[in-house]
Amino acid sequence: MASFRIRQFQERDYKQVVDVFSRGMEEHIPTAFRHLLTLPRTLLLLAVVPLAIVLVSGSWFLAVVCIFFLFLFLWFLASKPWKNYVSKCLHTDMADITKSYLSVRGSGFWVAESGGQVVGTVAARPVKDPPLGRKQLQLFRLSVSSQHRGQGIAKALTRTVLQFARDQGYSDVVLVTGLLQQGAVTLYYSMGFQKTGESFVDILTWLVDVSLIHFIYPLPSAQKYEL
């Protein structure tokens, strides 16, 4: 098993961090596309539109061409939420990681390093408006390079955030992940996270049925933890 270490983000990591994160998100596009093809509304679209063209024009060739363009359109729909998400992240908090995380009290950004290369990332920062009486930390940007999965890196990065939350006196760690990100969903359940709900970001994510799962990991108080 290849060795790795978890450490705090440094400015020299930026390009590799962006690459690991972007690739990690966009690799879910094929899964989203296959999922979209199984939806009843998609199957209805693929059946009705070509049939209508045959009935109107009498041309099977036009129907085949129509199916080809429908598949292109469906690929575009499946990929759009993931590309939008990556673009939004790179233009907001990940545009300046030091400013967004390392310069903010109670926040952090860590990388997993193996062989001198960044192979994983994770970030955390305080929830702005937590429930009354709770101090919550939100986990963000968990991603591991596809060539380094199965080595426990994602679990180690998540544990780093949990330990940070304990040390900082947080009451909960919360996060949101996509239903189609089955590796992440399985990881969080195995580590004791509890599902609190599901949601859609917008009409596009509803249309392609890419829902988000909300998780929480309750922590003992700092005082209890020290005991």
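Note that Cβ sites are derived from N, Cα and C of the backbone, with glycine treated the same way.
Assigned with DSSP, the residues of the domain 'N-acetyltransferase' (69-217) fall into helix, strand and coil as follows: 64 helix, 45 strand, 40 coil. The domain 'N-acetyltransferase' annotation in Swiss-Prot covers 69-217.
Within its own chain, the topological domain 'Cytoplasmic' (1-35) is flanked in space by residues 74-75, 78-79, 81-83, 85-86, 89-90, 94, 97-98, 101-102, 108-115, 117-121, 141, 143-146, 148, 151, 153, 156-157, 160, 178, 180-181, 208-210, which lie at least six positions past its ends and keep a Cβ under 8 Å from the stretch. Per Swiss-Prot, the feature topological domain 'Cytoplasmic' maps to 1-35.
The feature topological domain 'Lumenal' is assigned by Swiss-Prot to 57-227.
Annotation comment: Swiss-Prot describes 36-56 as transmembrane segment, evidence class similarity to another entry.
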The correct DSSP tally for the topological domain 'Cytoplasmic' (1-35) reads 23 helix, 4 strand, 8 coil
